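Features reported for this protein in Swiss-Prot:
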BINDING   CYS71, CYS74, CYS96, CYS99  Zn(2+) binding site
TRANSMEM  14-34  transmembrane segment
TRANSMEM  103-123  transmembrane segment
TRANSMEM  127-147  transmembrane segment
TRANSMEM  158-178  transmembrane segment
TRANSMEM  182-202  transmembrane segment
TRANSMEM  227-247  transmembrane segment
TRANSMEM  254-274  transmembrane segment
Amino acid sequence: MTLWTFLAMEPAYFITLATVLGLLVGSFLNVVVYRLPIMLERQWQREAHEVLGLPVTEHERFDLCLPASQCTQCGHRIRAWENLPVLSYLALRGRCSACKQRISVRYPLVEVGCALLSMVVAWRYGASVEALVLLPLTWSLLALSLIDHDQQLLPDAIVLPGLWLGLIVNYFGVWVPLPDAVCGAVVGYLSLWTVYWLFKLVTGKEGMGYGDFKLLALLGAWGGWQVLPLTLLLSSVLGALVGVYLLRVRNDSMGTAMPFGPYLAIAGWIAVLWGDEIYASNMQLLGF
């Protein structure tokens, strides 16, 4: 009996394995969410300086691997045992071992969130090809949501590989036939692109960024054109609810910019996982 056969026969072990893997990936996503925007900003500055003929400032190596993680308050280099997902945070009681300043609770929350999402995928699909390819999509959408929330940025470095991966996956018909995936990517991009320009023509303002177009194209590449209506509906409802909360509870102004990427990511993830069931339930309620 192979390991894969064993995991397929014993779903609990696969779910546990996916959950632990989600914790580890969540720890890495914390690094990606913090460092990738800085890396991109430095790259853009360097390219702008080169185009303008200005001196280029050379920085020390800064990527997803180096320098080693350190405390943002005192610069204490985080040791291996201090970097264990969730457990280290609990052992340190949420404080740096050197300066005793509080560590942001967001770090363990991201790790736990990634673990829970991975667990849901494993529970939904079991030990299958669908689960194996959907886990990277889930992690990518989580990273994109956090970066967009923090920086109002959806990096091509994550979006474009995710889009191509969706097309490759559906080349083998994992979710939908390849023509549906290609159509989903094209229609996903053009639908928000059209909304963007109509809004800009009417108001003279930009209602969303180009990253949102590409993110919806990514979701269309994975789930086909069939997931787009549900994704747009759910993301619009989520965005509207959060917008009302920000206006009524936090007293934000109408002009406060609000990233749309997280709502697209949440809605698209739901649509890819449960879109067929949601459509079937709605048709049944309508008597079709």
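Backbone N, Cα and C atoms are what each Cβ position is placed from, and that goes for glycine too.
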Long-range environment of the transmembrane segment (182-202) - Cβ separation under 8 angstroms, sequence gap at least 6: 163, 166-167, 176, 208, 210, 212-214, 216-228, 232
Neighbours of CYS71, CYS74, CYS96, CYS99 excl. site residues, C-beta within 8 Å of centre, Zn(2+): THR72, GLN73, GLY75, HIS76, SER97, ALA98, LYS100, GLN101
Contact set, same chain, for the transmembrane segment (103-123): CB under 8 Å, 6 or more residues outside the stretch: 11, 14-15, 17-23, 25-27, 29-30, 33, 71, 85-86, 89-90, 92, 94-96, 131, 134-135, 138-139, 142, 146, 269, 273
Cβ-Cβ under 8 Å with the transmembrane segment (14-34): same-chain residues at least 6 beyond its ends: 7-8, 64, 69, 83, 85-86, 106-107, 110-119, 121-123, 126-127, 131, 135, 139, 142-143, 146-147, 150
CYS99 (Zn(2+) binding site) - helix vs strand vs coil (DSSP): coil
Other CB atoms, at most 10 A from the CB of CYS74 (Zn(2+) binding site): 11
Neighbouring C-beta atoms (10 Å sphere around the C-beta of CYS71 (Zn(2+) binding site)): 17
